[in-house]
Amino acid sequence: MSHSVYNRAVVFAFLLLVLLAGTVLTALAFEHIGGLIPCVLCLQERIPYYIGVPLMGLAVLLALVRRWPVLIGLLFVAVFLLMAADAGLSAYHAGVEWGWWAGPAGCSGNGPMESQNAQDLFAAFDEVRPAPCDTPALVIFGLSMAGWNAVAGLLYAALAFAAALAMRRKR
């Protein structure tokens with residue numbers, strides 16, 4: 001395989017690595033620094049990033065040592081599938097926020113307090129409850145974080161797909 005193919009693989013993989021890591025780190029910063037409590041769907045939307053970042057790290061390393069081009073291509077395909085699934089989940093979540101359909105059971109964030117004694121009430125104060133899935137924590141330019149994640153997921157999926165095609169074409 002030519003050096004230019006590996007060079008392109010390094011660029012694609014590094015770009016995806018930075019974008020995926022940057023996106024999930026931004027979400028974590030909003031949570032831990034900004035104080036936004038994520039809902040159950042928000043947490044599920046992070047899983048593809050947690051998987052995709054190390055996959056792209058591996059792709060960068062393999063491309064740098066110019067080994068296993070088929071595996072590099074498969075890593076791009078895996079990230080394409082992860083990000084396409086994430087875009088779908090994020091679009092579903094945005095639809096829940098807009099009231100287009102109901103969210104999953106247990107995603108309301110605030111369950112009824114059925115406690116009958118003070119000890120249970122004090123224990124409930126220590127319990128962190130997820131935010132409701134149908135209320136956006138932050139809206140930027142008319143889109144919630146879930147909406148922007150759907151857009152990002154589509155863009156990242158397209159980039160990973162283009163990278164996989166670039167690996168396939170030059171063998």
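Using the three backbone atoms N, Cα and C, a Cβ is placed for every residue, glycine included.
Going by TrEMBL, these are the annotated features:
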{"type": "TRANSMEM", "residues": "47-65", "note": "transmembrane segment"}
{"type": "TRANSMEM", "residues": "72-92", "note": "transmembrane segment"}
{"type": "TRANSMEM", "residues": "146-167", "note": "transmembrane segment"}
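Beyond the ends of the transmembrane segment (72-92), by six or more residues, the same chain brings 9, 12-13, 16, 20, 41, 44-45, 47-49, 51-52, 55-56, 58-59, 62-63, 101, 146-147, 149-154, 156-157, 160-161, 163-164, 167-168 to within a C-beta distance below 8 angstroms of the stretch. Residues 5, 8-9, 12-13, 15-16, 19-20, 23, 41-42, 45, 48, 52, 69, 72-73, 76-77, 79-80, 83-84, 86-88, 90-91, 93-94, 97, 136, 140 of the same chain sit 6 or more residues outside the transmembrane segment (146-167) yet have a Cβ under 8 Å from a Cβ within it. For the transmembrane segment (47-65), the residues of the chain that approach it from at least six positions outside its boundaries are 6-7, 9-10, 12-14, 16-17, 20-21, 23-24, 71-72, 75-76, 78-79, 82-83, 85-86, 153, 156, judged by C-beta separation under 8 angstroms.
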